[in-house]
């Protein structure tokens, strides 16, 4: 099943056909990571309950946790006012970051 | 003054030379918006205390609040594990969204 046509028409994509997805822990408000979704990844995220991204480096769909076990259970999905950014609220099992950190922003504070 | 060379070397930019910046209210954890920064916008954000973006639609720097009065005072800036996303924690005066909503994600819940 493909993404609802009315929703697809509202998305503003990058030249690569992607929309950035800000991923936030639903209860603590931690920003966990930023992923990228095409229409298919968004459709899967909306319908399977598992956050699913398009991996720009591997050029494949990536169901968060399938390899690491660090599953993201989808609680809420929002589209921003311009239709060009998604906010995905999840329940993150374990570490969101491939480094083992809870979030991808833990290690490197610039200011 | 330009961006520190060691920091500039760590940034991974889109084809447009930009890095997405997730903007979060520092105390409540609300995700307010997503902006885009080039090296100069990041340098200004780090040194002026005012969140500054590159407007892709207007092709100009955009100091949040200069027109609207809805200033973002920068509290913290972080770079993610891949060097391709910034997290900017701010104290947002008034509405972050040009629609008057507190955040750009208030209006449109998909799930």
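In case you wondered, yes, glycine gets a Cβ from its N, Cα and C as well.
TrEMBL lists B:33-105 with the feature domain 'Phosphoribosyl-AMP cyclohydrolase'.
Secondary structure at residue B:82 (Mg(2+) binding site), taken from DSSP and collapsed to helix, strand or coil, is coil. The local packing around residue B:82 (Mg(2+) binding site), expressed as other Cβ atoms within 10 Å of its Cβ over all shown chains, amounts to 15. Taken from TrEMBL, the feature Mg(2+) binding site covers B:80, B:82, B:84.
Around residue B:81 (Zn(2+) binding site), there are no C-beta neighbours below 8 angstroms that are at least 6 residues distant in the chain. According to TrEMBL, the feature Zn(2+) binding site maps to B:81, B:97, B:104.
Every protein chain shown contributes to the tally, and the Cβ of residue B:80 (Mg(2+) binding site) ends up with 24 other Cβ atoms within 10 Å. Separating the Cα atoms of residue B:84 (Mg(2+) binding site) and residue B:97 (Zn(2+) binding site) is a whole-number distance of 24 Å. Within the same chain, residues at least six positions away from residue B:104 (Zn(2+) binding site) with a Cβ under 8 Å of its Cβ are B:32, B:33, B:34, B:96, B:97.
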